[in-house]
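Quick look at what TrEMBL annotates:
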type     : residues  : note
BINDING  : B:Lys114  : NADPH binding site
BINDING  : B:Glu199  : L-homoserine binding site
ACT_SITE : B:Lys214  : active site, proton donor
DOMAIN   : B:357-435 : domain 'ACT'
There are 2 protein chains.
Amino acid sequence: MSAPLSGQAAPLRLGIAGLGTVGIGTVKIIQKHAAMLAARAGRPVTISAVSARDKRKNRDADLSTYAWEDEAVALAQRDDIDVFVELIGGDEGIARDAVTAALKAGKDVVTANKALLAIHGQELAELAEAQGRVIRFEAAVAGGIPVIKAMTESLAGNQIRRVMGVMNGTCNYILTRMENAGLPYETVFEEARQLGYLEADPTLDVGGIDASHKLAILAAIAFGTRPAFSDVEIEGIERVSIDDIRRAADMGYRIKLLGVAQMTGRGLEQRMSPCLVPADSPLGQLQGGTNMVVIEGDSVGQIVLRGAGAGEGPTASAVMSDVIEIARGVRMPSFGQPATELIQPQAARTAVPAAYYLRLTLADKPGALAKVASVLGDAGISIDRMRQYGHSSGEAPVLIVTHKTTPDAIDHAISVLPKTGVITGEPVELRIEEV
Amino acid sequence: MSAPLSGQAAPLRLGIAGLGTVGIGTVKIIQKHAAMLAARAGRPVTISAVSARDKRKNRDADLSTYAWEDEAVALAQRDDIDVFVELIGGDEGIARDAVTAALKAGKDVVTANKALLAIHGQELAELAEAQGRVIRFEAAVAGGIPVIKAMTESLAGNQIRRVMGVMNGTCNYILTRMENAGLPYETVFEEARQLGYLEADPTLDVGGIDASHKLAILAAIAFGTRPAFSDVEIEGIERVSIDDIRRAADMGYRIKLLGVAQMTGRGLEQRMSPCLVPADSPLGQLQGGTNMVVIEGDSVGQIVLRGAGAGEGPTASAVMSDVIEIARGVRMPSFGQPATELIQPQAARTAVPAAYYLRLTLADKPGALAKVASVLGDAGISIDRMRQYGHSSGEAPVLIVTHKTTPDAIDHAISVLPKTGVITGEPVELRIEEV
């Protein structure tokens, strides 16, 4: 066997741009495990140079033996690096410029940048392949969970039916904490901010955008389509109330920010939204910042992958997975097949039927419930379970779990319900995803 | 980029030996998904020839366009195959002969044969590497779950701390069914036999041998050691009683046939035994024939992989994963580093401390419990929780959950307890694995 099996081969030389948590985590692994990495990769893995915004910042690793570049683009083009490791983040600006420069300079690229891949993945994959280079991004989705590799390689013999996941640890932390401590969204959001769990722009997390970047990447691999982030139907967790969390628990469910992608006869459905899942399912059991991805293939059935979705060690572990693959000489198209062969997906609004959870507040009027039931019946929605709670204020909370119905039918019913005059406040509807 | 990105490359030609469930499942995937496979592999994947014991047997796939060989060894040496796919099974005889012949004839090998790999993996990996060939075996461990790839590639940047798993679906089916239906072992064993869930030699399943083959393979990858199946401490599920399942449930645990491998200062511990795990942990939640592997790395933390551990589709999916990798030109040493560099592990008897579950039956004598407590105390074992059940027969069942202690201390206490004259019957001890 060739290079990968020999210990004599030339080192693989990295340039690491971005020395935050993940960058420093990557440096630490390379420093701590040099011999183990060389044995596994078949050649030493070394760092030639690094770059970051502030050279003088105190960092938790000795960088003194590496060359320093102030500019990531300059780092990307250095003659003494084979692989450009982009850990800067952001879908525009330096990250995009430096990755492009690296590929044009004939370097392979490893990145943890989900926004960059979700938005510019197609153009970057095409550039990489035209240059005979690879761009790898295991760390971009679900931290240390090897989901990119599982989808691209392990399940390559499967037609993928559906891929879904809880892929933003901060949102799952917030929802779990709300339930466990009985606290309202605003309080826990503030806690999360103070704990440093939120991005500088928190809507990336709680607005579902970060998780949607990841979903768009997974959908591209799953269905052989160009990444189509702008087609994801996104709803964040801001409107999830402690009331709904409690009521859902009463009915045996938990609320998760769940991403789901599936190919249907009408096109590619991609949605990120708070959904109910059975409390005793693997997704329902997921607590705190842990991530989970569920992949359904026509041969393999359902595969569930669970692990830390963020953090220094887990994300650096995923970066190293890609680095070692390149050191071993493994070269693979970014999305599992040549980028030029990916097809432009037809975006489809969610139409796959599901059960729904509805929470309404009934005015204390005779026949109120009958009017609600009649609106649902007219919309073709049948009721699986209903629960009316006691009330002292003259307003009665009512929970309804429907049988499977279409999103259109639910939307229609929700638009008609206020016109009955028997409900107060906004009706809440949440999809119950079958897991 | 080279061949993997081109659709023009020559087909990868398979010879498939063994046309049972998995063999036919593999044929079906190749027939059904030819275009998808070619797109993902960068070249067509075709079947040149097949072999099995009985040509005339009615099979659930059209094999008429493939050449037929009566002898697997002859198939392995055919000029018109690139990859020999061994789905015969068994650690000796035809499977071993044919795999050896294939490697010597310059073919790559894909196999689902856990016994062969666990027992002769070292010699076969060395032969493959000497011949410049690969032998891949994703399907040998945990069916469709991509655990070989996860360990060898995704977690290659981690020092593995512990790997464990529920890797025999039949045993998990039996234990789950005992709990859910409240049936004794013998009854459920007989059910499983009639459902066709058991191997021809059922001790392979219920004796823990099949799962231990898998554990030995995982340990080799995890710790860079030669596969050492004969060093696994094996105990099957035959002595798990419905009583213990019920009592464990009372205390918040479930009993699983759990394999655990970890490297300690004294050597490599590998054990397969019925263990208690928390009922609400991912392992505890595992029902029926599903498998789960838990991998702990120094950077990634804990990764959990869950899926079908057997069956036509899932196992064939894993076979195809390996086939596609070979088609893509990916070449990797079998155990994650060159076989000649794997070290011979020092086998260590389990010494890592754990809490233990003890079930004793006390004779109805004054001071009986005090005597038991004193034996445990003398052995340095402290009690976390104790529960004595009501009794009418003059014999009182007592459950004890200890604090963490060593297996040696437990063994000592178990050997001394009968000498107190206050217990009747055999004491039962089960390890409570920290998950």
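Every residue, even glycine, has its Cβ placed from backbone N, Cα and C.
Mapped onto this structure are the features recorded in TrEMBL.
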residue: B:Lys114; record: NADPH binding site; DSSP (3 states): helix
residue: B:Glu199; record: L-homoserine binding site; DSSP (3 states): coil
residue: B:Lys214; record: active site, proton donor; DSSP (3 states): helix
Among B:Lys114, B:Glu199, B:Lys214 [recorded positions], residue with fewest other Cβ within 10 Å: B:Glu199
Integer Å distance between the CA atoms belonging to B:Lys114 (NADPH binding site) and the residue listed as 'L-homoserine binding site': 14
Secondary structure tally of the domain 'ACT' (B:357-435) (DSSP, helix then strand then coil): 25 helix, 32 strand, 22 coil
Alpha-carbon spacing, the residue listed as 'active site, proton donor' to B:Lys114 (NADPH binding site), which is rounded to whole Å: 6
